[in-house]
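Reading through the structure tokens given below for one structure.
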Amino acid sequence: MRECISVHVGQAGVQIGNACWELYCLEHGIQPDGQMPTDKTIGGGDDSFNTFFSETGAGKHVPRALFVDLEPTVVDEVRTGTYRQLFHPEQLITGKEDAANNYARGHYTIGKEIVDLVLDRIRKLADQCTGLQGFLIFHSFGGGTGSGFTSLLMERLSVDYGKKSKLEFAIYPAPQVSTAVVEPYNSILTTHTTLEHSDCAFMVDNEAIYDICRRNLDIEPPTYTNLNRLIGQIVSSITASLRFDGALNVDLTEFQTNLVPYPRIHFPLVTYAPVISAEKAYHEQLSVAEITNACFEPANQMVKCDPRHGKYMACCMLYRGDVVPKDVNAAIATIKTKRTIQFVDWCPTGFKVGINYQPPTVVPGGDLAKVQRAVCMLSNTTAIAEAWARLDHKFDLMYAKRAFVHWYVGEGMEEGEFSEAREDLAALEKDYEEVGMDSAEGEGEGAEEY
């Protein structure tokens, strides 16, 4: 088997974890107590969903997941919620005091006390796997636990499981909606620390998701539950190929092979379609061409940036539901002709396509409509550098005045780490700029002499 272990860190990670596992259970017909009436092979079996669930002898399906937070309230909701019987109590780890939106507390003082326990539990999960393929790590950039503890954990996972893939689902601080003033500090410190440890990071920007909920689902104002259910759909689309048998099965390494041209350029942009409410879906049937087109609308992206200003390096379309390759090829051909999609000149315009015949599932009573087909597009584009630029700018405004820095230094960080992290991100922006430059320019000048 090719198992994946999910690690949900901090409030954002845990709440997205709730949404994801709720959806996985519905998709696979697993009840909140872990029983699965449709599963014939009790206690083991080689079913595709075993990549995400382990089975006990009593026929109970347990998520291969770990929930970690430095303070107990959010994880307590899992302990008392609908799915409390699904998880083993040891999979839910909490500390006593939170990281107070402070990267240094999450990474150095408070995080340090709990990290060995977390690694021990991860080891137990890993021991139940026959062929662990990697980790999916869910966290936010802005929080103290999400930024500080995640980066500490990633460093340690690289030591213990050097060759295993590590994919991140990271919540990028929303440009307008902010939960903490120091989000830019935390984001830049965590990105700097995890850059070399993460193989691929899918960024989700809260504001982009807010806008999608407002515009497409008419929810006013959207709550975190609304946001997380939408994020859950996206994560489910990306992981569907690992959990179901599809026509094209993509494993974790295959994502990286197709999306990451250089180790540092590993932040694909995610777009999902269709996001429509039940009353709208009742009146329209969306064709493959329509949902494919929707993926190239900046309005459906999970991060605010404009790919029309950038260049694509790779593009991966993951369809699910009632979709046939013929329709997909036609839709993509149309897009290539009429859309202003620019690929970098060193990359042929290949679209990698995965099709999964399991139609998308929705949470009953949720906001999303049940649709026949959906698509999730992962594209590596230079436009995502705009997101880094925005963050760097905010960091600079605060750091120029050394605002709030004493809180970090007081927890044992050195001021040098700030400037080091900032330089690394400047280098990342530069990397994106260079990747998008035409490779032919250098050769052109020499050619005119002949």
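Any Cβ shown, glycine's included, is placed from N, Cα and C.
In Swiss-Prot, the GTP site is described by Glu71, Ser140, Gly144, Thr145, Thr179, Asn206, Asn228, and among Gln11, Gln31, Gln35, Gln285 the residue recorded at this site is Gln11. Secondary structure at Glu254 (active site), taken from DSSP and collapsed to helix, strand or coil, is helix. Cβ neighbour count for Asn206 (GTP binding site) (all protein chains, 10 Å cutoff from its Cβ): 24. Gln11 (GTP binding site) counts 24 other C-beta atoms within 10 Å of its own C-beta, drawing on all protein chains shown. Here the Cβ of Thr179 (GTP binding site) has 14 other Cβ atoms within 10 Å, regardless of which shown protein chain they belong to. Here the C-alpha separation of Lys40 (N6-acetyllysine) and Glu254 (active site) works out to 30 Å.
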